[in-house]
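Colleague: Would you mind keeping the following structure in view while I ask a few things?
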Amino acid sequence: MKSQQAPLVVYFSSISENTHKFIQKTRVESLRLPLLTKDEPPVVDRPFVLCIPSYGRPNGAGSVPPQAVKFLNVEQNRAHLVGVIGAGNTNFGDLYCVAADKVAAKCQVPVLYRFELMGTAEDVHKVNEGLEEFWIQNSLY
Amino acid sequence: MMSEKVKLVDHVEAINWNRIQDEKDLEVWDRLTSNFWLPEKVPLSNDVPSWKTLTDEEKQLTMRVFTGLTLLDTIQGTVGAVSLLPDATTAHEEAVYTNIAFMESVHAKSYSSIFSTLASTREIDEVFRWATENPHLQKKAQIVMSYYQGDDPLKKKVASTLLESFLFYSGFYLPMYWASRAKLTNTADLIRLIIRDEAVHGYYIGYKYQRGLEQETPERQQELKDYTFDLLYELYENEVQYTHYLYDSVGLSEDVKKFLHYNANKALMNLGYEAMFPASVTNVSPAILSALSPNADENHDFFSGSGSSYVIGKAVNTEDEDWDF
């Protein structure tokens, strides 16, 4: 059972489900963004972290999933964004988790963590602990 | 050369890219075509002065590593990716495999560009002869080839993903190592392009494996999982021997093995399975990781670094166009 007080992570995962599998392994409260860009994004009313994979094209163009852009274009959602977690693959070199970097720079929040593909047990542990610590430090509960 | 008769796709309809059954096909096609490159674009000749600073032993190691990689790319280009074609479930999947096969041939040719830039014809001929005689390299090739010639579509995808996401890495280690010491940096740039491509290949073939696996019975799913881990162990044991053979003399074997573990985990994840090697044996030296990706070391993570002074900022205005960078 995930308590109502658990840190909230809003995430996008494509049909390959890597990011989804990672989130399922953590003990956070989670909300998945719609797969289709035409669907309306949710509106969030409490602090959350955004977790997104990167679509690494050359030079990082178009790397932020459009569903995440649509979600962040809602002002109330942006107001509650406190950090970003990136999913990716180090094989993409300096574009590893570039979408998380872009959102963090644009919205002036930190990149809290990066993991590859569906994440390892160590990644799950670090994100669980890290988010709970972060929620306490910033009085987000 | 292949002696067996190649199985061809037995029915073809005109491919319609405006009717997509699996959106991953189009997404990956776009990704692969926008990543297209040729070795002629990389200024390899700038590495000649650096090459001259290597000892004879280091030069021989480097050429052997690249010849081993050439063999794998040749297998994947002429047999591996092609063997997946008859099993494709959409015309677009077939098209993606033809792209993968072609790029593997580009990769194979790239190593020859490196050789012709850095070495003499005699040295090149010598190392190709070495490749035909090295038992570990030949065993690696023979194991993978035997699965490609089998008739189980999902097992072929497992073998292909393990090749793309695991078997290359005993070789990829060395150019990352040289780059971390500011040697052969243009060669490393070229290898990074190959590494980027292999990530997309492993991701896509692993994804198609998972889609196929969903259609199978629980018994068959278990059989395929067991098969995957058995094949990984078989390949892993051979990789460890190959690693010791190549790297013992330069004292790098232990770190290369960590790199193998790290990438074996990623290969398993591409196939939808949990990582197998614990963090204590995947901690590759930070210099290698940052040669691979400058953001990969943990100092770039807020949780791992000293980020306690963070103050939540103000939300900026955003428009769709703002994100188009």
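Glycine is treated like the rest: Cβ placed from N, Cα and C.
The model shown is predicted, which means the values in this text are computed figures rather than measured ones.
Got these off TrEMBL a minute ago, pasting:
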type     : residues                               : note
ACT_SITE : B:Tyr111                               : active site
BINDING  : B:Asp73, B:Glu104, B:His107            : Fe cation 1 binding site
BINDING  : B:Glu104, B:Glu164, B:Glu198, B:His201 : Fe cation 2 binding site
Colleague: What subset of the binding-site residues B:Asp73, B:Glu104, B:His107, B:His201 has a Cβ positioned less than 8 Å from a Cβ of chain A?
Modeller: none
Colleague: Show which residues of the chain containing B:His201 (Fe cation 2 binding site), separated from it by at least 6 in sequence, have their CB under 8 Å from its CB.
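Modeller: Same-chain residues close to B:His201 (Fe cation 2 binding site) (Cβ under 8 Å, separated by 6 or more) are B:Ala81, B:Ile100, B:Met103, B:Glu164.
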Colleague: Identify all same-chain residues not among B:Asp73, B:Glu104, B:His107 whose C-beta atom falls within 8 angstroms of the centroid of the Fe cation 1 site's C-beta atoms; report them in sequence order.
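Modeller: Neighbours found: B:Thr70, B:Leu72, B:Thr74, B:Gln76, B:Gly77, B:Met103, B:Ser105, B:Val106, B:Ala108, B:Ser110, B:Ile194.
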Colleague: State the count of C-beta atoms found within 10 angstroms of the C-beta of B:His107 (Fe cation 1 binding site), not counting that atom itself.
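Modeller: Excluding its own Cβ, B:His107 (Fe cation 1 binding site) sees 24 Cβ atoms within 10 Å.
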Colleague: With a radius of 8 angstroms around the mean position of the C-beta atoms of B:Glu104, B:Glu164, B:Glu198, B:His201, what other residues of the same chain does the Fe cation 2 site pick up?
Modeller: B:Gln76, B:Ala81, B:Ile100, B:Met103, B:His107, B:Leu163, B:Ser165, B:Phe168, B:Asp197, B:Val200, B:Gly202
Colleague: Across all chains shown, how many C-beta atoms besides its own are within 10 angstroms of the C-beta of B:Glu104 (Fe cation 1 binding site)?
Modeller: 27
Colleague: Rounded to an integer, what is the Cα-Cα distance in Å between B:Glu198 (Fe cation 2 binding site) and B:Tyr111 (active site)?
Modeller: 15
